[in-house]
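Participant: Handing you this structure, nothing more for now.
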Amino acid sequence: MSAETAINVVGGGAWGTALANAAAGAGHPVTLWLRDAQAAAALQAGRENPRYLPGVPLHPGIRATADADTLAGARATLLVVPAQTVRGVLEALRDPLATAGPVILCAKGIERGSDSFMSAVAAEILPPRTPVAVLSGPSFAADVARGLPTAVTLAAADPGLAASLSGLLSGPSFRLYHTDDVRGVEIGGAGKNVLAIACGIVAGRGLGESARAALIARAFAELMRFARAFGGRAETLMGLSGLGDLVLTASSPQSRNFAFGQRLGAGASPEAAAGGKLAEGAFTAAALAGLAAAKGVEMPVAEAVAAIVAGTAGVDDVVAGLLARPLRGETD
Ligand SMILES: NC(=O)c1ccc[n+]([C@@H]2O[C@H](COP(=O)([O-])OP(=O)(O)OC[C@H]3O[C@@H](n4cnc5c(N)ncnc54)[C@H](O)[C@@H]3O)[C@@H](O)[C@H]2O)c1
Ligand SMILES: O=P(O)(O)OC[C@H](O)CO
């Protein structure tokens, strides 16, 4: 395989493995990089990722490796690690990634501590000439890895780059729409994870389907308020990466964020509810609520999730507080 034709995927979890399968299915040789040499060798030999994506064969066009030097010279790099690790991974791989094409950020979250969006983290670390894009939208890894129909959004500040990367990565059942609204797309992906936890809490507490539908609508209203204040476009939020992903994540126990919320609603502590699985919204909740508060954006649902996850409020008190809020015009 020539490095110039390869697509890199950094991160061998559920989403990294699924995106590697999608890129290989679109006809590209794929280098799938894992930090752990033993795990990379097992994936390369076994052609399956039993921990994160059991039962899904790895496409023959994928080479799994832990050798960072093999990343250099690629056509594009998909960065698919949890949001809170993006800074460290970019720092560690800065040299090979400097010649590995545009870096496409696939994590959905806001960095704790700095309250930074992923594109801002990347801009701090990568050389200025490295283009950065964001991929986000309604997409369960198991669906994409199995080749079930899926549509997501790819955003880059340069509309030409967004269009060409969408064409590069689209395949028979994986469709990428494109936009230049990077901030709007990352707000949708990060925000929906927090709000989906709230919907899981409602389900776990047995508050009913009507309450869940109302919560999705009110959660979306606050996500729109946040996007308006932070430079995302309303039409982006109404698309795949905003409303599309909120609806998917807030209505399916297949979502780790929803399932985490369900366990909280059923009475588990935040530590027990996590159960060793990644629920990105738990890490992003405080950053989202903090950013909103600093700009005077009302986000009662995100604030409630942040308080429950931090253990400073209980589910029943939070629900009572939300129901006691003053009545207001629906679009105020
Ligand atoms: N799973 C999905 O369906 C899905 C879909 C869309 C987006 N995402 C997003 O993709 C991101 C990754 O999610 P995932 O589902 O792959 O998570 P995961 O828990 O399945 O896998 C995470 C992977 O990252 C690796 N990793 C963790 N820290 C690392 C580090 N410091 N250096 C290198 N590798 C490291 C882990 O070893 C693991 O292989 C999240 O932000 C998630 O919101 C996931
Ligand atoms: O399992 P979740 O909650 O991380 O959701 C996965 C994807 O983000 C859904 O689009």
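Placement of Cβ uses the backbone N, Cα and C atoms for every residue, glycine included.
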Participant: Considering the sn-glycerol 3-phosphate binding residues Lys108, Gly137, Ser139, Lys192, Ser255, Arg256, Asn257 given in TrEMBL, which of Asp115, Asp245 is annotated for that site as well?
Facilitator: Asp245
Participant: Write down the one residue from Tyr52, Tyr177 that TrEMBL lists together with Trp15, Arg35, Lys108, Ala141, Arg256, Leu278, Glu280 as binding NADPH.
Facilitator: Tyr52
Participant: Distance between Arg35 (NADPH binding site) and Lys277 (NAD(+) binding site) at the Cα atoms, whole Å?
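Facilitator: For Arg35 (NADPH binding site) versus Lys277 (NAD(+) binding site), the Cα atoms are 18 Å apart.
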Participant: To the nearest Å, how far is the Cα of Lys108 (NADPH binding site) from the Cα of Lys192 (sn-glycerol 3-phosphate binding site)?
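Facilitator: Per the Cα atoms, Lys108 (NADPH binding site) and Lys192 (sn-glycerol 3-phosphate binding site) stand 9 Å apart.
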Participant: May I ask for the distance between Glu280 (NADPH binding site) and Lys192 (sn-glycerol 3-phosphate binding site), taken between their Cα atoms and rounded to an integer number of Å?
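Facilitator: That comes out at 10 Å between the alpha carbons.
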Participant: Given the binding-site residues Gly11, Gly13, Trp15, Arg35, Tyr52, Lys277, return the subset with CB under 6 A from an atom of ligand 2, ordered by sequence, or none if empty.
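Facilitator: Cβ under 6 Å from ligand 2: none.
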Participant: Would you kindly give the Cα-Cα distance separating Leu278 (NADPH binding site) and Ser255 (sn-glycerol 3-phosphate binding site), rounded to the nearest Å?
Facilitator: 10
Participant: Between Ala141 (NAD(+) binding site) and Tyr52 (NADPH binding site), find the distance joining the two CA atoms and give it rounded to the nearest Å.
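Facilitator: The separation of the Cα atoms works out to 9 Å.
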Participant: Taking only the binding-site residues Gly11, Trp15, Tyr52, Lys277, which one has a CA atom nearest to the CA atom of Ser139 (sn-glycerol 3-phosphate binding site)?
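Facilitator: Sorting the binding-site residues by distance from Ser139 (sn-glycerol 3-phosphate binding site), the top entry is Trp15.
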